[in-house]
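**Q** Relevant sequence annotations retrieved from TrEMBL are reproduced here:
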- A:Cys72: active site, proton donor/acceptor (ACT_SITE)
- A:Cys184: active site, proton donor/acceptor (ACT_SITE)
- A:Asp9, A:Ser10, A:Tyr41, A:Gly42, A:Asn73, A:Thr74, A:Thr185, A:His186: substrate binding site (BINDING)
2 protein chains.
Amino acid sequence: MNKPIGVIDSGVGGLTVVHELMRQLPKERLVYLGDTLRCPYGPRTAEEVRRFTWEMVDFLLTKNIKLLVVACNTATAYTLAELQEKLSIPVIGVIQPGARAAIKFTTNNHVGIIGTEGTIRSNAYLDALHTIKSDIDVYALACPAFVPMVEKGILSGDYALDIIAQTLLPLKQFSNMDTLILGCTHYPLLKDVIQEVVGSQVTLISSSEETARETSTILELQQMLNEENEQCNHQFYTTGDVEIFTSLTNRIFNSSIDNLKSVSIEKVVI
Amino acid sequence: MNKPIGVIDSGVGGLTVVHELMRQLPKERLVYLGDTLRCPYGPRTAEEVRRFTWEMVDFLLTKNIKLLVVACNTATAYTLAELQEKLSIPVIGVIQPGARAAIKFTTNNHVGIIGTEGTIRSNAYLDALHTIKSDIDVYALACPAFVPMVEKGILSGDYALDIIAQTLLPLKQFSNMDTLILGCTHYPLLKDVIQEVVGSQVTLISSSEETARETSTILELQQMLNEENEQCNHQFYTTGDVEIFTSLTNRIFNSSIDNLKSVSIEKVVI
């Protein structure tokens, strides 16, 4: 099916999901909308997150999408159930795929979760894990400094290491954790530094990689895969400044994705 | 939804999928049927495999299952599309989940596949990979000695190492492979020896683990998860000798699954 997949995020974090969708589903066309103007969503109220998310969804529905990926953990936590109920297309959030991957990877059932204040406060990961498996022991930690750091393009170096090490100190209380969910789509961009801080004995789960994987599963189940191997012309939209968005996009993708040259980026008012 | 998940296999290999379903979906009740009497399916004709598979499916449909897992790569290769078309419940095979996991894990797009003669001859993995991503370079190798070895309970030791090393010799031609799909549900039982032979630089993909993971995804999407946390009473059926089946089941599960004590095993004629 040659319709595009729609992807929404509060800013540029969702591009880590886009990166994985391009890698794992290279025949699929993507339409992305990042609400960079109003990012971050983490500290906002549930009502605000819900309203902004619906504005993004309404915009993408005009693009004739076949499936919607909510590539923002905060938006997933507050709106997934409602979107799944009201939309006639499949809607995939980033929380359940990460939770399922953690259940697969953990061997001692001690799972850490890091995310925005909104995501952690919502208990959405805890609920997702315990709905499936009750005896998972969870330690959840909000990391409010990480999203602004990524949106500024600070992804490594001494400053990032220092902030991350300070923020993750409370995780030391949970020293037998063998799996840590990166419960925010911005965090895969800090993966190397986070791994350095928590140690190599901890498996990091990227909700971005896992969400792309489950998108593939669901597209196949619903017989919606695009089997034609044509050039994909992806469309990216931002509610904020196009130049800043473009520069961050280039930094995030580096040169690792060939077909980034087939992306058009436009500013949009929603 | 408190109906059971049905699982079919040519013998005991599918129990590796059962093991993962119990671990990743501990609230779900399972009904398993292993066609031990007519195992292995690998060398049989497509027509025979199809007929035997339908006989197993017809038996499990009488158990009011909510979802069917075809936990045998050979049966998946020859019957999945037909089962998906004709049954009104979701049907999950073991090939597509392994293919998707390989696409996620490989970084150089060089993927090896080992399986039974039937699975390899069917090109089902190649098709599953290339439907999603055309530029995956694949080397497929049939390993006819492995299933009979596992069904005899030979899972490690010098004899197993010798057979596996000899069988996998042709893979040396494909020396830059970074991912190897264990394309038979018996093979996870030989995982340690296979890893020793191919080296630690190769990621082994267990179709059993990945199929359990996707079963979880699809149950949630279809709102079919069993959210009650009650004692599961699993039912295992075999077309062969119950004592041999029980002894192999114990050997496969070891003591790693607590709720194996809640399993009843019966012989059945289909």
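Keep in mind that glycine also has a Cβ here, set from the backbone N, Cα and C atoms.
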**Q** Hey, which of the active-site residues A:Cys72, A:Cys184 is the loneliest by Cβ count within 10 Å?
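**A** Result for the active-site residues A:Cys72, A:Cys184: minimum number of other Cβ atoms within 10 Å at A:Cys184.
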**Q** How far apart, in angstrom, are the most distant Cα atoms among the substrate-binding residues A:Asp9, A:Ser10, A:Tyr41, A:Gly42, A:Asn73, A:Thr74, A:Thr185, A:His186?
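**A** About 12 Å separates the two most distant Cα atoms.
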**Q** Work out how many Å separate A:His186 (substrate binding site) and A:Cys72 (active site, proton donor/acceptor) at their Cα atoms, rounded off.
**A** 9
**Q** In whole Å, how far is A:Cys184 (active site, proton donor/acceptor) from A:Thr74 (substrate binding site) when you measure between their Cα atoms?
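**A** If we compare the Cα positions of A:Thr74 (substrate binding site) and A:Cys184 (active site, proton donor/acceptor), the gap is 8 Å.
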**Q** Determine which residues of this chain, when A:Asp9, A:Ser10, A:Tyr41, A:Gly42, A:Asn73, A:Thr74, A:Thr185, A:His186 are set aside, have a Cβ within 8 Å of the centroid of the substrate site's Cβ atoms, and list them as they appear in the sequence.
**A** A:Gly11, A:Gly13, A:Gly14, A:Cys39, A:Pro40, A:Cys72, A:Ala75, A:Thr116, A:Thr119, A:Val147, A:Cys184
**Q** Counting distance between Cα atoms, which of the binding-site residues A:Asp9, A:Ser10, A:Tyr41, A:Asn73 is nearest A:Cys184 (active site, proton donor/acceptor)?
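**A** For A:Cys184 (active site, proton donor/acceptor), the spatially nearest of the binding-site residues is A:Asn73.
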**Q** Give the three-state DSSP assignment (helix, strand or coil) for A:Thr74 (substrate binding site).
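**A** The residue in question, A:Thr74 (substrate binding site), is helix (DSSP, three-state).
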